[in-house]
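Asker: Okay, here's the structure, questions in a sec.
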Amino acid sequence: MASPAAREWLGIQSLPGATQTKLHELLSKLKQENVSTVTILVMGKGGVGKSSTVNSILGERVASVSAFQSEGLRPMMFSRTRAGFTLNIVDTPGLVEGGYVNEQALDIIKRFLLNKTIDVLLYVDRLDSYRVDNLDRLVIKSITDSFGKEIWKRGLLVLTHAQVSPPDGLDYADFYARRSEALLKFIRLGARIKKQEFQDSAVPVVLAENSGRCKTNDSGEKVLPDGTAWIPNLVKEITDVILNGSSPITVDQKLIDGPNPNDQGKFFIPLILAFQYFFVAKWIKRAIKNDIKNESKPLWELRDMGLANREF
Amino acid sequence: MVFSAQHQALGPQLAGAGTCRPRRPAASSSSVISASLHESGLSSQQTLSRKPLHWIRKKTLALSSVSAVAAAAGGGFLFHLASGTPPPGNPGGGGGWGWGSGGGGDGGGFWSHIFSPLSAIAEEDQTAAGGGQEWDSHGLPANIVVQLNKLSGFKKYKISEIFFFDRRKCTTVSGTEDSFFEMVSLRQGGVYTKAQLLKELETLASCGMFEKVDLEGKTKPDGSLSLTVSFTESTWQSADSFRCINVGLLPQSKQVEMDSDMTDREKLQYFRSQEKDYKRRIERSRPCLLPIPVQREVLQMLRAQGKLSARLLQRIRDKVQKWYQDEGYACAQVVNFGNLNTREIVCEVVEGDITNLDIKFQDKLGNICEGNTQLGVIRRELPKQLRQGHVFNIEAGKQALRNINSLALFSNIEVNPRPDEKNEGGIIVEIKLKELEQRSSDVSTEWSIVPGHNGRPTLASIQPGGTVTFEHRNIKGLNRSIHGSVASSNILNPQDDLAFKLEYVHPYLDGLYNPKNRTFRASCFNSRKLSPVFTGGSVVEEVPPMWVDRVGFKANVTESFTQQSKLTYGLVLEEITTRDETNTICTHGTRPLPSGALSMDGPPTTLSGTGIDRMAFVQANITRDNTKFVNGAIVGERNVFQLDQGLGIGSKFPFFNRHQLSVTRFFQLSAVKEGAGKPPPPVLVVHGRYGGCVGDLPGYDAFTLGGPYSVRGYNMGELGACRNILELATELRFPVLNTHMYAFAEHGTDLGSSKDVKGNPTEFFRKVGHGSSYGVGVKLGLVRMEYAVDHNASTGAMFFRFGERF
């Protein structure tokens with residue numbers, strides 16, 4: 001699928017001025033590092049606010065969002081340029097269907113991303129759901145299986161619906177800490193990253209609030225309950241991830257197919273065969289010989305062979 | 001003071017049998033071991049149903065069981081029984097026969113003899129008499145004692161009662177309770193003539209058990225007679241040692257006719273020479289099989305009783321003979337007690353030495369004919385205990401029967417020991433075989449009605465189906481065979497499902513006389529199976545079935561180490577096609593989506609990706625099986641290692657090593673006595689199976705988890721399809737009534753290898769990849785009825801399965 005020609009990023013103008021300034025700062029920082037194109041992959045379960053987040057970042061209503069139904073059945077890529085800098089955001093359909101990971105959707109996403117480079121993965125989930133379950137792990141696992149463990153070095157955990165009133169007895173910071181900790185743990189488990197390794201390159205957590213009722217600060221920026229403007233914060237984290245030294249993920253045919261298990265260990269087959277012959281087969285043969293030797297013969301046969309010594 | 005061994009054989013003559021009977025009752029007994037095999041003419045394959053082995057005991061054997069001890073009295077010598085007349089002036093046995101008192105009990109070689117006192121004729125007479133035939137009243141006043149010779153020769157008397165009167169003890173015992181009853185051929189309620197009664201008396205007198213014996217009748221009011229056998233038992237001086245010798249095949253000592261007008265000196269010389277002969281005879285005899293513990297028991301019997309009486313000899317004979325019979329030496333017989341009146345009595349046994357093995361073929365009418373089968377084929381199946389020089393044992397006969405039967409070449413097999421006429425005491429093992437027809441072919445047809453498009457059967461939906469089989473067995477008499485079958489459920493359109501098989505079997509690859517037992521097999525085959533890989537997990541709705549068709553050629557060599565342990569290795573060339581339910585070739589697994597549509601992008605079914613794979617690989621299998629049945633329960637160990645080694649020949653050059661090792665042990669938990677009708681022991685079964693594949697693994701060859709032979713309580717392949725597999729199972733079987741119940745627990749896991757199967761069918765079909773189950777069950781004949789709890793869902797279900805899990 002040929003990506004549509006990148007359009008001028010007009011939506012940025014609709015963002016509050018303070019945000020625009022910060023974004024420009026970040027973009028120029030990227031440019032200084034010779035990064036002129038950034039591709040952001042947005043993934044997550046259905047209905048967590050992936051498309052809304054995309055809309056918020058771009059400041060345009062590019063992905064249709066409906067309150068009751070997830071619309072996106074196929075991945076969409078939105079490309080915007082601004083001052084020689086290209087921003088690609090790939091919005092994907094929800095990965096869960098019928099209580100299971102939708103392999104088909106994942107497959108479509110993989111095909112869509114063929115020959116593209118992913119700079120940042122935004123793994124989106126809601127802040128205001130309290131529980132993490134096995135399904136989260138499966139989703140994370142299938143993302144890992146598709147793009148490899150390395151993708152999490154370029155990953156960002158985005159928690160939407162940040163403007164939540166935490167359950168009784170918990171203050172906001174506490175709730176946020178617990179929620180993000182639980183999710184990060186599942187990312188670690190699902191991606192099968194070693195604890196140590198995970199601590200070294202932690203997946204950053206960013207909060208987002210896409211609702212129109214989001215509080216704004218004096219300059220009209222959408223702010224989180226703690227007062228930070230989240231869009232610039234998100235973009236800043238994205239920039240940090242891009243610049244953290246890990247290499248972007250290039251999706252090619254090999255990555256999509258995964259390693260061919262049929263080729264694993266082929267080299268060792270002669271060795272395995274030798275082992276089987278000399279140890280397993282010989283061992284069984286020896287056991288058979290032993291059986292023949294130790295076979296308890298009926299008395300009449302023993303007597304006939306003269307082994308009875310007239311004792312029985 | 002000796003006498004010859006000859007006379008016991010002459011007993012029947014004395015008894016007036018006069019017919020040509022074998023000399024020894026032992027030898028005349030003949031057991032026939034036979035198994036009949038039906039040839040089912042209709043069935044295509046060689047369905048050879050085996051009748052239970054049954055043993056036909058001929059009448060002669062029944063007769064031999066009432067053989068008796070003939071004992072010589074202390075008098076000294078015995079006369080030749082052929083004389084038929086009691087020697088006059090015999091001081092030792094008043095009413096008896098057959099012995100004189102030459103030396104006056106000087107402890108020389110005194111003999112007694114055992115033979116069958118009953119003649120075949122007597123038996124026949126009796127059976128004739130038994131049939132409720134008419135009898136005559138004695139015509140005398142009731143309750144008077146009549147001497148035998150006072151009876152009328154023209155009347156048929158009914159004997160209503162028989163009593164034994166021991167003159168020494170002065171006790172009267174009702175007939176059936178006395179141990180001498182077996183000596184008498186007369187039966188209560190039988191009808192006999194005077195001549196028969198006299199003959200009976202003569203027989204009794206001649207048997208040597210009695211010093212004196214007499215028969216007298218007592219008239220009864222109803223016209224029948226009550227018969228009393230009054231006797232004085234023979235006794236000899238006590239002995240304190242016992243010796244048992246095998247006199248089979250020993251030439252009979254030459255009987256020198258003793259002249260009645262020998263001088264005393266001559267007589268003495270005669271007896272001395274007899275004695276010497278006997279000593280030589282003992283020396284030349286072979287040791288018998290009778291074990292020392294039994295001999296010790298006999299010795300105790302001897303010691304317990306001071307005097308050696310006829311009854312004691314009878315008991316000793318019974319004991320010795322019982323041991324032989326119990327141990328399967330059907331032809332063994334105590335023929336004589338010698339050295340009576342000395343400290344050591346000698347028990348002479350003919351054990352039944354095989355002098356010849358005779359294999360005969362019979363045609364359909366039972367006539368002896370030339371057989372097509374080479375004798376070597378049969379000979380190598382026979383246990384060596386049936387060969388010349390061994391003692392015949394019925395178990396060896398049974399084994400021969402089983403082994404020959406397993407050749408599946410004969411419709412009727414008889415293993416029959418018969419006395420060797422030319423060789424006294426010898427047994428000829430005669431094997432009679434009826435060969436099956438060499439060529440057989442069979443056509444069977446059937447109609448099947450398949451539902452038409454409305455679900456209703458229509459005329460067009462009635463399909464003719466059929467099977468054609470042919471078999472050419474025992475080619476060249478070497479048990480080589482060609483077997484072929486073609487079957488189709490729709491003859492009009494056979495390409496739909498044509499199942500065929502053509503197999504050539506070539507046994508004795510290393511030669512007929514080489515003990516190495518290798519068999520070569522080559523076959524063309526096709527098969528069609530539902531793949532358990534492409535089935536749904538527990539939560540997926542109906543997954544469309546996937547058929548795996550295999551067509552190919554296989555050649556292998558099987559080497560049998562024991563009956564159960566063997567090694568097979570060979571080459572397989574095959575073409576595998578995967579088809580969906582509409583019989584079209586499909587390349588990927590399918591699964592219904594929640595929307596109802598089918599997801600067609602499942603795991604690839606074949607290695608090539610085209611739906612058709614061709615490959616050649618080496619297949620080897622080694623099985624070690626030392627299981628045996630203990631009262632019907634399997635006990636022992638079974639290990640199987642199977643290997644498929646790809647050669648890189650075929651579509652996409654498949655190179656792989658696919659291996660499976662299964663270990664099953666059946667532990668007997670308590671010791672039980674073995675024997676028919678005894679309960680089987682409780683058994684603990686422990687089973688483990690590992691399977692793995694390195695290299696190219698097509699979807700249809702993936703290991704599957706779940707199913708009645710994998711993890712019970714799940715459907716076939718419900719738990720996963722994987723590259724490596726580990727199954728662990730345990731089962732506890734305990735006998736209940738005539739069957740057994742069992743409790744089991746099983747676990748199967750993919751060892752995380754599901755992802756290493758291309759397309760990950762486990763994940764695609766939403767299978768769990770591992771699972772446990774436990775349950776209980778009961779064996780009902782061939783069917784296992786079990787309740788298994790699926791541990792993944794924690795739900796239980798009832799299952800009926802055929803056959804064994806392990």
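Keep in mind that glycine also has a Cβ here, set from the backbone N, Cα and C atoms.
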Asker: Under TrEMBL, which of the candidate ranges B:13-32, B:73-92, B:373-392, B:513-532 is annotated region 'Disordered'?
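Answerer: In TrEMBL, the region 'Disordered' feature sits at B:13-32.
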Asker: Tell me, please, if the domain 'Toc75-like second POTRA' (B:242-353) and the domain 'Toc75-like POTRA' (B:141-233) are in contact, taking contact as 3+ Cβ pairs under 8 Å between residues separated by 6 or more positions?
Answerer: yes
Asker: Across the domain 'Toc75-like POTRA' (B:354-435), what are the DSSP residue counts per state (helix, strand, coil)?
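Answerer: Going through the domain 'Toc75-like POTRA' (B:354-435) residue by residue, I get 21 helix, 32 strand, 29 coil.
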Asker: To what whole number does the mean pLDDT across the domain 'Bacterial surface antigen (D15)' (B:474-805) round?
Answerer: 90
Asker: In the domain 'Toc75-like POTRA' (B:141-233), how many residues does DSSP put in helix, strand and coil?
Answerer: 24 helix, 40 strand, 29 coil
